[in-house]
Amino acid sequence: MSRLFEGVGVALTTPFTNNEIDYEALEKHVDYLLNNNIQSIVVNGTTAENPTLSDEEKDEVLKAVVKQVDGRVPVIAGTGTNATKKSLEASLRAKEIGADAIMLITPYYNKTSQRGLVAHFTTIADAVGLPVVLYNVPSRTNMTIDVDTMVELAKNPFIVAIKDATNDFDYHNKLKERLDLSDFSLYSGNDDNVVRYFAEGGNGVISVVANAIPGDFQALYEKSKRGEAIDKDFEPISRLLNALSVDVNPIPIKALTAVEGFGNYEVRLPLVTLESSDRKQLEEAYAKYKAGEL
């Protein structure tokens, strides 16, 4: 069996206009990503402001993206919650809508044990029967998938990838050593570490900044896959990422997607948009980046 997923996936933002989902902007954004050859789209994840979307909104966004993509790249639906029953229900709806895979975050707030993680993920994976990408992001959940647990979970035929947002290369290298990477994918969940991640055997990235610069990130991956050095190519992207670090994701990236015409610059509470001075500085940095001057 070969790996199902690799390359640049985009953690899609949800465009709003007057606090409602802007489906016209969503369609434009998806076309922009596809025209720049990204290799998968993740819908309803952290960057999509998942907690502020109703179940109906999540389903409608997924329907719109699945229709727009029309089989050209895999669509991965973020369906994980901190309740197994709710996650399973969302995953089954995603399957019915036409998602190619689901992404499951580790349960948060009501943290479980490593045994509980195995039970949670395998219950959903076995019942849904779609490829599963696990999402390990301890900075947001205060919970991690231990290496031994990941090895056990990878025995499940439906669990085919991990989005690793630990930024821990000891963890990454242990996974690389112990998993069969002929049919399992290691995705970085951190834009800022991709040079090293690709060099040390990572199969791709699920990117935030690629919402705005998909072509540049895809070119970076393709160059790395050819065995070419990408350090210099990454330097201006790194400076753009520094500018984006002004606030928590997805507040800054949505300022850039607004510049590109994908909805207004809006986020839903409890998130708030950047202060006007910070937004101005970020947009100036982005303009310099696009002009090749950053």
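Quick reminder: no glycine exception, Cβ is built from N, Cα and C everywhere.
In Swiss-Prot this protein carries:
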SITE      THR46  site 'Part of a proton relay during catalysis'
BINDING   THR47, ILE206  pyruvate binding site
SITE      TYR109  site 'Part of a proton relay during catalysis'
ACT_SITE  TYR135  active site, proton donor/acceptor
ACT_SITE  LYS163  active site, schiff-base intermediate with substrate
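Structural mapping of features recorded in Swiss-Prot.
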residue : record                                               : CB count, 10 Å
THR46   : site 'Part of a proton relay during catalysis'       : 21
THR47   : pyruvate binding site                                : 22
TYR109  : site 'Part of a proton relay during catalysis'       : 8
TYR135  : active site, proton donor/acceptor                   : 25
LYS163  : active site, schiff-base intermediate with substrate : 28
ILE206  : pyruvate binding site                                : 28
DSSP-derived structure type at TYR109 (site 'Part of a proton relay during catalysis'), helix or strand or else coil: coil
Proximal residue to TYR135 (active site, proton donor/acceptor) among recorded positions THR46, THR47, TYR109, LYS163, ILE206 (C-alpha distance): LYS163
Assigned element (helix, strand, coil) containing THR47 (pyruvate binding site), judged by DSSP: helix
Nearest-integer angstrom distance between the alpha carbons (Cα) of THR46 (site 'Part of a proton relay during catalysis') and ILE206 (pyruvate binding site): 11
Inter-residue C-alpha distance, LYS163 (active site, schiff-base intermediate with substrate) and ILE206 (pyruvate binding site) (nearest angstrom): 7
